[in-house]
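Colleague: What Swiss-Prot records for this protein is below:
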{"type": "ACT_SITE", "residues": "C286", "note": "active site, nucleophile"}
{"type": "BINDING", "residues": "F154, K178, E181, R182, S231, E386", "note": "NAD(+) binding site"}
Amino acid sequence: MTQTTVKNVKNYIGGEWIESRTEKTEDVFNPATGEVIAQVPISTTEDVHHAIEVANEAFKTWKEVPVPKRARILFKYQQLLVEHWEELAKLITLENGKNYAEAYGEVQRGIENVEFATGAPSLMMGEQLASIATELESGVYRYPIGVIGGITPFNFPMMVPCWMFPMAIATGNTFVMKPSERTPLLANRLAELLEEAGLPNGVFNIVHGAHDVVNGLLDHKKVAAISFVGSQPVAEYVYKRGTQNLKRVQALAGAKNHSIVLSDANLENATTQILNAAFGSAGERCMAASVVAVEEDVADEFVTLLTQKANEIKIGNGLDEGVFLGPVIRDQHKERTLQYIESGEEEGANLVRDGRTDEAAKQEGYFVGPTIFDHVTSEMKIWQDEIFAPVLSIARVNNLEEGVDLANESRFANGACIFTRDGGSVRRFRETIDAGMLGVNIGVPAPMAFLPFSGWKDSFYGDLHANGKDGLQFYTRKKVLTTKWV
């Protein structure tokens, strides 16, 4: 790719594409080739303050737009997303690296979130009690809260923003988004389609950048709430700084999701599900399967079957036919992953499959093949840390209780899955596991748009989760009206 094809990314503020006030930029890479595809501005505090002021001014009129009219704009937006799904999926693969089928799935999940937000007229209905005392009645009414700041990650550049801004603007708020500087192109395309759908200027804005933009959102008095998805250290930082500034904050953080495979499980299904959950999206998702606790009776068979399937995975550019495993996002992330593999070896885990030796891992791009460790213990870094890469740890346990205890040792608690045919085991798992999203005989128990994305412990900071009724409640506040008729 020649330098003349490199795209100059701009901010989107008040319905206009605006150059940042900064001269500092970062390269955006195609992780499958290492080629530069764009340059993104590392915007200034002044840039984000400008966007916040514009959004605050737009809020004064947008909040007065009838809810059904706001919903109709989102209906149009949903139609445009459907019409452009192929383009959007290719763009995701280009700048994120995941395979085209996974990118298509992400587009569909984003569209589903927009569809859910179009139900705002029903979702925002209040409550009434006709008689709370003699000739007294009370009613509850929902209202938007103001300017929302959204900080989104590279791993789901469409789905995660669509968790946030459709519901936020459907409920009458305005929005300033800071997408990942690694995947800015998809974010800007979403803005273009919103404009085409008829969204008024200033209701949705994008400011690209890094720390200054994040801090600008967290500190500005006219930002009412912050929605964040990203790594645990940054999530904790966002939550603490945002709440210190008296903002509502929902901060979705890292994970170390455990699957428990019991001896009565269908191993064909279990290995297929876990393979997809561990190595799909190159392991760069907060619902990835990171650890498998497998009962000793079937552990050897499980490891053999899983490794056989991992050996059949096609690695390469996500736009190429048949590719399952694409690259990790950056060369630095690849190097970090290789360090974790070395750490696992040094700490005594059995390296069953070494993703460093795959042919694709030696080519251009940021590839690491599927990597499997056996005999992993909770003292090892590969068990403790979120690696965010195609690295799976297998621990051997004697029973369900040991598997649950192992999972509950982790400070992360996004998701957990069990593979079994026994209903009693499922119930004990459900009641004793410390995690927010659970699966039975599936590998990725991520909820649909109408249910909360409900991580626990260090996987989430806040009270109201993303999606579902939690999302609606996070972006609204209530008035209670009590009336005496005389």
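Positions of Cβ are set from backbone N, Cα and C atoms, glycine also.
Mind mapping these onto the model and telling me what they sit next to?
Modeller: Just so you know, the Cβ of C286 (active site, nucleophile) picks up 27 other Cβ atoms within 10 Å once every protein chain is counted.
Residue environment of S231 (NAD(+) binding site) contains 14 other Cβ atoms, counted within 10 Å of its Cβ in all protein chains. In the three-state DSSP reading, S231 (NAD(+) binding site) counts as coil.
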Colleague: Tell me which residues of the chain lie with their Cβ under 8 angstroms from that of K178 (NAD(+) binding site), as long as they are six or more apart in sequence?
Modeller: V48, G149, G150, I151, T152, I206, V207, H208, G209, V213, V214, L217
Colleague: To the nearest whole angstrom, state the Cα distance for the pair F154 (NAD(+) binding site) and C286 (active site, nucleophile).
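Modeller: Taking the Cα atoms only, F154 (NAD(+) binding site) lies 12 Å from C286 (active site, nucleophile).
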Colleague: Are there any residues in the same chain, six or more apart in sequence, whose C-beta is under 8 angstroms from the C-beta of R182 (NAD(+) binding site), and if so which?
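Modeller: V28, F29, E95, N96, F154, I329, R330 - these are the non-local Cβ neighbours of R182 (NAD(+) binding site), listed in sequence order.
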Colleague: Taking just the CA atoms, what is the gap between C286 (active site, nucleophile) and E181 (NAD(+) binding site) in Å?
Modeller: 19
Colleague: Would you count the other CB atoms within 10 A of the CB of E181 (NAD(+) binding site), including those on all shown protein chains?
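Modeller: The answer is 20.
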Colleague: In sequence order, which residues at least six apart in the same chain have a CB under 8 Å from the CB of E386 (NAD(+) binding site)?
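Modeller: Residues satisfying the criterion: S231, Q232, G254, A255, K256, S290, F412.
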